[in-house]
Amino acid sequence: MGNCNLEDDDSFTRPLTRCSVVYYGVGHMLNDITASCWFTYLLIFLTDIGLSPRDAAIVMLSGQIADGFATIFTGELIDRFGHFKIWHGAGSILVAISFSSVFGGCLPCTIFSNTSSALETVSYSTFAAIFNIGWAATQVSHMSMVNCITLNSTSRVVLASCRNAFTMVANLSLYAVAFVVISVTTAKTHANIENQYRWIAYVSIFIGCCFVVAFLLGTKEPSLKIGVQGSRHERIAWSYWFKRVLYYQVAVVYMLTRLVVNVSQAYLAFFVINDLGMAPSAKALVPAIIYISSFIVSVSLQEVPWTGRRLKAYFSIGGIIWVFCGVVVLILPSNLNGFVYILSIFMGIANALMMVTGVSMQSVLIDTDLNGCAFVCGSLSFLDKMSCGIALFVLQSYQNIEIDIASPMQATNLSSMYISVTRIGLGLLPALCALVAVAVTYTMKLQHPLSKPLVEPLLG
């Protein structure tokens, strides 16, 4: 629908320059560094200041729900009116203003001199929702830009892999900031804890905003949408996508991929501290290894000439690796906790393979139907946010429950086997999601009709 024969039009299909790729890749840094803080530290922060695990889950769920609906709304408006950079800039401003309040203490509690858990939950949930609305506007505009910057399928994958590489940079930056802040401050009271996370948020926002400015200055507003479709206000009806089998396949794969990455990230710190009994420094070191290995793989993927078959193959490899990682998480005893450092390398590799190829499948789905690209990105993100929010809510509601899988007659203090909710969140759920995603990927029919090889390595 709306396709024209553009394969020989070099202005649409020529490879992108190295600078263009890098400027685009840094555009999601503010979202990435705040999202890393959101998934890694929010549950720990809220429980540290006195909220119950269930109330902490409600706060995260409220943000995920707001994010999910905002992605649909933003996607529709972008498809109607365009202006990717305006949406990106506005969303970034809202993120920068609101994110510090998520970790900044309970403002209504101070105003009304009331520290009830109900008021705290409502306060944190409100700021979490506002933050996620801005986050959604930035995410949808940035993701959908890929398809309007170029029709070269290999360049589209390169843009996605560069973005994923800078996601790893953002995550590593967060852990560096957190390490410094926690090292130079004390956290003996709730006020001290709030102050620590407030400074982590402030510094993270500053770093992210610097990269947002670089993106806005270095990236041009895409004009490809006008060139292909002829009118900026022309749009593709939702029903067009709902009639395509590939839409549902890509949606399921993307949703499951995000579940693998986000849920595992949320429970990683709980796993290394509570289940394996490792030192507090492991909370930073293990994730850092994951992100470093993901960064290396993401950069390496930029040099691959991509086809539909390669997308499916690389995604399947990442999914199979995650299945094995999930099994290890379920059975790894605390006396072999050092093995988690090796495991984290494979987790990072699997995350990069699945994320880069999973996101790139969206571009294959969109192809040249550019006036529906924001709806596709928004609707898929909606599924991602809702599924992650519900999964984390359910898991966190039962965080203190251990599921005994040994016979009551056989169980002893030394030999009883159990699976903690943390191991389910980090091991079982991601492994099952990865397995189903690989099965769905196998059924896909992916083609790249507008693909030309790169003339130079983009990050080499």
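For all residues, glycine too, the Cβ spot is worked out from N, Cα and C.
Pulled from TrEMBL:
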TRANSMEM  21-44  transmembrane segment
TRANSMEM  56-78  transmembrane segment
TRANSMEM  90-113  transmembrane segment
TRANSMEM  133-153  transmembrane segment
TRANSMEM  165-187  transmembrane segment
TRANSMEM  199-217  transmembrane segment
TRANSMEM  245-272  transmembrane segment
TRANSMEM  284-301  transmembrane segment
TRANSMEM  313-332  transmembrane segment
TRANSMEM  338-361  transmembrane segment
TRANSMEM  418-442  transmembrane segment
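Contact between the transmembrane segment (199-217) and the transmembrane segment (418-442) does not hold: fewer than three of their C-beta pairs are under 8 Å, each pair 6 or more apart in sequence. Just going by CB pairs under 8 A, the stretch in 56-78, 133-153, 245-272 that sits most against the transmembrane segment (313-332) is 245-272. With pairs at least 6 apart in sequence, the transmembrane segment (245-272) and the transmembrane segment (418-442) have 3 or more Cβ pairs within the 8 Å limit; the two touch.
Here the listed stretches are 21-44, 133-153, 245-272, 284-301, and the one with the most C-beta pairs under 8 angstroms to the transmembrane segment (56-78) is 133-153.
Listed by sequence, the residues of this chain that lie at least six past the ends of the transmembrane segment (245-272) yet keep a Cβ under 8 A from its Cβ atoms are 36, 39-41, 43-44, 278, 282-283, 286-287, 290, 315, 322, 329, 337, 340, 347, 351, 354-355, 358-359, 361-362, 364-365, 376, 379-380, 383-384, 387-388, 391-392, 395, 399, 422-423, 425-426, 429-430, 433-434, 436-437, 440-441, 443-446.
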